[in-house]
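Q: Below is a structure I'd like to ask you about.
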Ligand code: NDP
């Protein structure tokens, strides 16, 4: 049987004369191929990523990398039928394959759009606001993110051979860090197909993705301070890798997502006949059967009020009886096989530990009717529902990584919060209730033990993405037993691949380093109004000063009448006098910003296309009748949009009164045309 090739150092490499570890078809038991990385120089693989992939990625902007992710998503989408076909051999139904394949493509798309929307077109990514550090304003600081100059090694679990590598690749790639993909043995043949599609697309810079079709060998011995490891799999392997001497000695960033005894809690209000009861039951059955329960987020512990336990068990049994187990390609099959016979044995072993203290209320761990396949050659298992009492230790300790869940009755919300914590840290939990008090108490009680919590009720059920779906925008990971790591979480996942540094300097130096104008640094005022400049001609620091303009009582009265804003502080002298902030009638804040616009705008048609908002508007000093306003507007941040004829310009706006006191501060956001 042939050994699969690894994609390393710019080519496909197949080791000669080695046996390798077999991968088998989960449905037929037939051998698909073997895995081996013998003879691959792991130090050179890591170095190739650092020396070839890293510089190529860092030469691109966030927006360019985001465009490549988008293009890759499109390419994989076009070829997804090829992935579905291979996916069936992992035991996955078409629905499961979509979860894995389309879910992974979806992560690429979300990161592509986050990159374009939220990250700068050029220059470093800034973290937070400028920190003033001195009275005179000559010493300030800014946190900036720069990409780590190492490789991101991803060690994946067998249950999501496409989604796993893609959810780790997307944030690393967007950050500018090359990736080495190591799949889990049982389903590596599907990851190999995914990587073949990625490589064949020719879209990604050389060295940005490498693939090991087999063990990592001595790769970890060659990792450095700038590398990272993202692991998904068992808690025991996580522990072993986390304490690897090189990782420890060199403080290599390590994030783990390990096994997790996720719970779903039915609220006391959700009695039979309520929509929440039905939602709870359907969700539990879905989580038991999608991917044959081999989901790190699946519900292992179903906590239900003691009074509803019988009804829940009955309803779940009813639905599980409709599940058809078998060859995913056979008509009518709704649940496929586990990833392999070894995995089935592992689940059966876990079930033995569980059934010492729990009663089987549905399914037979040893036997199942199978449609369209041989029940013994394929890794088929019946869904198994257990029922246990809250004090059963095994329920809170043993994860049966298959279509297995245990119903556990509870007597009070305080008790269920304590029971949830006995899982020692979980990836995902859900609370199904229509009672806001229950939702608040339970969510805030169990949150310290969870990475993500879903509150499900009749209001959000239709659009809810469900208990078991990690979302790229949200944190995926959990404390304690769940590994203590965090993946995705929108831009948090990108930041994880970057170094955050605090840069302390003068405002001018910070402007030069970040490419953004920093308050306190030099402004450029010329005869040419900045609104006459196209995007390419504008520079950070380009400034227009408008005013002064006197604010009169009749201005304020006119504004009040015109807009209908007749708030007492502007019109009623007696009431305004009693107001501790004003002491007398004052101008409307919105009048101030309207006057400011009138002072800085250049009215003739030109490259400024639109004003699309203001950010961070603050009114700082009340404007009294007779005050004179001056506005200073300075180009702060200039972001071309890659595929548009315009870009965004953020302007710093400061309005001061005749004494030079700041009256209002804000950012004005405009769209400005490119030349031609
Ligand atoms: P493992 O922890 O054995 O394997 C996970 C990954 O780690 C695989 O890619 C594996 O490679 C790799 N690996 C194992 N040992 C090493 C090592 N010394 N150095 C480098 N890489 C290593 O988990 P399994 O896949 O066997 O699953 C076991 C259990 O883990 C499941 O039954 C379940 O409880 C839990 N699990 C949790 C998941 C989650 O998402 N949280 C997902 C999957 C499983 P290889 O396959 O080549 O050995």
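From the backbone N, Cα and C atoms, a Cβ is placed for every residue, glycine too.
Automated prediction, rather than curation, is the source of TrEMBL annotations.
Relevant sequence annotations retrieved from TrEMBL are reproduced here:
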DOMAIN    12-442  domain 'Aldehyde dehydrogenase'
REGION    460-487  region 'Disordered'
COMPBIAS  477-487  compositional bias 'Gly residues'
DOMAIN    547-647  domain 'MaoC-like'
Q: Residue list, the region 'Disordered' (460-487) vs rest of chain: Cβ under 8 Å, 6 or more residues beyond ends.
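A: That would be 99, 103, 106-107, 110-111, 114, 167-168, 170-171, 230-231, 235, 238, 254-262, 264, 275, 279, 283, 286-287, 290, 295, 297-299, 423-430, 448-452, 454, 493, 496.
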Q: By DSSP assignment, list the helix, strand and coil residue numbers for the region 'Disordered' (460-487), in that order.
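A: Computed counts for the region 'Disordered' (460-487) are 3 helix, 3 strand, 22 coil.
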Q: With DSSP as the yardstick, break the domain 'MaoC-like' (547-647) down into helix, strand and coil residue counts.
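A: Tallied per class, the domain 'MaoC-like' (547-647) gives 33 helix, 33 strand, 35 coil.
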Q: Kindly state the mean pLDDT of the domain 'MaoC-like' (547-647) in the predicted structure.
A: 96
